[in-house]
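Working notes, structure below.
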Amino acid sequence: MSDVASDPVVRFQRKYYIILALLLTFVFPAIVPWYFWNEHLSVCWYTAAIFRYVVILHCTWLVNSVAHVWGVKPYDKNIRAAENKIVAVAALGEGWHNYHHVFPWDYKTAELGDYKMNVTTAFLDLMAKIGWAYDLKTVSAELINKRVKRTGDGSRVVDAPAEGDDNGHHHHHDDNIWGWGDKDMKTDDMELVEIHHQKLPKFVQ
């Protein structure tokens, strides 16, 4: 996290967080339609600012409520987190929660072959293409299949697509790992990890 903490944009955001949050969450969303489209200011305040903010909050909270109650558990049937398509759409790709809890260090947070229900991964891949993100860790198909066979609920077919068929957008898991380099992470599993847009040596800890 040291590289993130030292980033000038992050430092600016942390220093002026309260002011930026108020301006970007409430002031600008209300002022823009009022100024440019002649909307009534009270309508702008209650719809573009307040209503929009409430909807976004609830979409975010769905991840820790609905995605822990309803859905399939293809990677680990023993945990509460589940895969939920509705949450994935509402939260821009954060509804693949069973996968995320099993492989929390996988930047894609899901085992998908495209961006249809994972806008967040599309954004991260774009940032990687322009050089703003690098060393993106994802799990190999072999490791995913190992985990599915061992603890999955049977909702996922184990056979993975051939390498290259999914444009690199597949994911895999093993054991309840809560972060890259966790003491419980096995060396064998780390060797199966794929790192996209690599900038640093593969296993810098």
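Every residue gets a Cβ built from N, Cα and C, even glycine.
The structure displayed is predicted, hence computed values, not measured ones.
Taken from TrEMBL, the feature domain 'Fatty acid desaturase' covers 9-104. With helix defined as DSSP H, G or I and strand as E or B, the domain 'Fatty acid desaturase' (9-104) counts 67 helix, 3 strand, 26 coil.
What TrEMBL lists as region 'Disordered' is 154-176.
Beyond the transmembrane segment (16-37), the same-chain residues lying 6 or more positions past its ends with a Cβ under 8 Å from any Cβ of the stretch are 44-45, 48-50, 52-53. Summarising the annotation, TrEMBL assigns transmembrane segment to 16-37 (among others).
Panel annotation: around the transmembrane segment (49-70), residues 25-27, 29-30, 80-84, 86-87, 90-91, 94-95, 97 of the same chain, lying at least six beyond its termini, place a Cβ under 8 Å from a Cβ of the stretch. Residues annotated as transmembrane segment in TrEMBL: 49-70 (among others).
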PLDDT averaged over the residues of the domain 'Fatty acid desaturase' (9-104): 94
